[in-house]
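J.: Take a look at this one; I'll ask things after.
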């Protein structure tokens with residue numbers, strides 16, 4: 001049959017329910033094949049040297065029954081001594097729906113004291129003995145020892161389960177230049193994280209985590225473009241010195257995070273009470289712009 005007939009057949013799959021709750025196609029092999037064929041046909045019609053689709057939906061929260069939130073979960077600082085709370089629910093406004101990530105961040109908190117190893121205890125005992133000997137020889141004795149208190153940063157995260165995007169399809173963002181997000185915020189800064197496959201050891205547990213930042217206006221819906229070039233490679237929340245390009249071909253997971261401040265953050269006033277936060281997300285797309 002002519003190419004146009006094949007295009008019509010493949011695109012007709014869209015009207016037969018072969019879309020998943022993630023804005024893509026179903027997790028079945030047939031659904032994967034349908035999406036790949038549809039992309040192939042679009043590209044064939046577009047011709048060489050052009051990108052057929054300038055945008056592609058990654059997530060779209062437009063179902064009242066909450067199925068769009070399958071595979072998403074929230075995490076907070078509760079496991080390390082904090083008391084922040086968070087939740088994510090589907091809300092409606094007018095004729096549309098969106099996901100609301102909300103809760104409150106607790107004040108800075110003391111991190112649990114790590115149990116010292118026998119080697120560390122022996123090393124500290126030797127240092128104390130050395131200080132005691134120095135004080136007996138005329139040095140200034142310090143009877144009171146100050147124990148350093150490490151403060152933790154409050155955080156709440158809305159994130160996909162690891163491997164969710166692979167369970168839908170081998171998610172390929174290589175043709176695209178970044179993300180565009182339709183969001184409404186509260187004036188706070190939020191971290192958008194993309195976890196991708198490690199370049200050096202594909203399939204390794206230590207995936208690469210890239211972070212970008214958005215600051216939606218308070219109470220206003222807007223579409224924010226976040227280029228992949230603005231994402232920074234991080235390790236355990238800190239930016240690494242040796243930056244590498246993001247592997248667009250294998251995206252594992254995505255998350256939104258709200259992070260509190262520590263007393264050393266001089267530019268901002270740190271409150272001594274819980275602080276509310278709220279981020280509304282209607283959809284996330286990949287874009288060539």
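For all residues, glycine too, the Cβ spot is worked out from N, Cα and C.
Taken from TrEMBL, the feature domain 'NADH:ubiquinone oxidoreductase intermediate-associated protein 30' covers 61-279. For 117-145, the entry in TrEMBL reads region 'Disordered'. What TrEMBL records for 117-127 is compositional bias 'Basic and acidic residues'.
Mind running through what each feature is packed against?
T.: For the domain 'NADH:ubiquinone oxidoreductase intermediate-associated protein 30' (61-279), the model gives a mean pLDDT of 80.
Long-range Cβ contacts of the compositional bias 'Basic and acidic residues' (117-127) within its own chain (Cβ-Cβ under 8 Å, at least 6 residues beyond either end) are absent.
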